[in-house]
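Some notes on the structure that comes next.
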Amino acid sequence: MEKINNVTEFIFWGLSQSPEIEKVCFVVFSVFYIIILLGNLLIMLTVCLNNLFKSPMYFFLSFLSLVDICYSSVTAPKMIVDLLAKDKTISYVGCMLQLFGVHFFGCTEIFILTVMAYDRYVAICKPLHYMTIMDQERCNKMLLGTWVGGFLHSIIQVALVVQLPFCGPNEIDHYFCDVHPVLKLACTDTYIVGGVVTVNSGTIALGSFVILLISYSIILVSLRTQSAEGKRKALSTCGSHIAVVIIFFGPCTFMYMRPDTTFSEDKMVAVFYTIITPMLNPLIYTLRNAEVKNAMKKLWGRNVFLEAKGK
């Protein structure tokens with residue numbers, strides 16, 4: 001069957017059909033996006049200027065912040081502009097690029113969170129061999145693996161969608177291009193494609209989530225032999241990781257561990273992993289991590305000193 005593609009652009013329905021609600025959302029999500037940028041940039045700056053890259057935990061944390069900025073930037077700016085726009089349109093090519101970006105950075109974040117869980121497992125359960133196991137070369141290879149894994153996942157998703165014919169309608173009941181809403185517009189049977197998409201996304205989401213649960217369960221069990229101070233530090237660090245995992249993987253599992261169907265709640269659920277999680281990550285990691293807070297205080301104190309000296 002020859003591919004027929006009469007669609008050159010797609011139209012988003014957006015978060016709401018009410019202009020009043022959209023104006024409120026514009027203010028709220030503009031503030032959220034600014035917090036995402038400033039919070040994650042602050043973490044990257046703190047890690048860089050305090051030379052914390054030598055620590056695997058902060059090495060991965062800085063790249064998690066980078067991914068959060070990229071991930072939210074794929075959808076948030078367009079969504080914020082559309083909240084005040086009469087016509088919420090995106091070109092076909094732009095839609096495919098957005099779909100690629102969402103899955104690329106989203107999957108990369110999943111893999112980085114998994115690697116960070118492994119890092120905490122080694123640090124707590126094998127402290128004497130920690131620096132040998134998590135040396136810089138291995139950290140670099142693991143980081144590269146997260147980006148390659150995200151790329152492969154995303155390119156499969158896009159390849160499955162690009163080969164489908166779109167001959168109208170072209171209205172997407174969402175605020176960005178995601179696989180399930182776009183598949184609904186294809187003018188052909190998408191049962192097989194939808195199944196492959198679900199297996200691809202679902203396997204990664206569920207598989208990583210199970211690995212994370214096992215890792216943190218082992219860590220928590222091993223804490224019984226730790227000193228009171230060791231337990232406090234470990235629980236402080238792991239607590240922040242577990243909070244991020246729950247906030248991120250809960251919505252992701254709801255969205256992608258199911259057949260090719262869409263629900264009216266999908267847009268609100270998507271807000272959690274595209275906007276809320278990237279915004280909360282810096283707050284969670286800084287508020288529950290004494291070392292990061294101290295590094296930020298030193299950075300702030302140094303800047304204040306330099307400004308005073310300059311005057």
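The backbone N, Cα and C atoms fix where each Cβ goes, and this holds for glycine too.
TrEMBL does not curate its annotations; it predicts them automatically.
Source: prediction; values computed, not measured.
Copied from TrEMBL, the annotated features are:
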DOMAIN    39-285  domain 'G-protein coupled receptors family 1 profile'
TRANSMEM  26-45  transmembrane segment
TRANSMEM  57-76  transmembrane segment
TRANSMEM  96-121  transmembrane segment
TRANSMEM  142-166  transmembrane segment
TRANSMEM  204-223  transmembrane segment
TRANSMEM  235-256  transmembrane segment
TRANSMEM  268-287  transmembrane segment
Tertiary contacts of the transmembrane segment (204-223), as residues 6+ beyond its ends and Cβ separation under 8 Å: 107, 110-111, 113-114, 117-118, 120-121, 124-125, 153, 230-231, 234-235, 238, 241-242, 245, 249, 252-253, 256-257
The transmembrane segment (96-121) versus listed stretches 26-45, 57-76, 142-166, 268-287: most Cβ pairs under 8 Å: 142-166
Any contact, the transmembrane segment (26-45) to the transmembrane segment (268-287), with at least 3 Cβ pairs under 8 A: yes
Beyond the flanks of the transmembrane segment (268-287) by 6 or more, those residues with Cβ under 8 Å of it: 15, 29, 32-33, 35-36, 39-40, 42-43, 61, 64-65, 68-69, 71-72, 74-76, 102, 106, 174-176, 178, 240, 243-244, 247-248, 250-252, 254-255, 293, 296
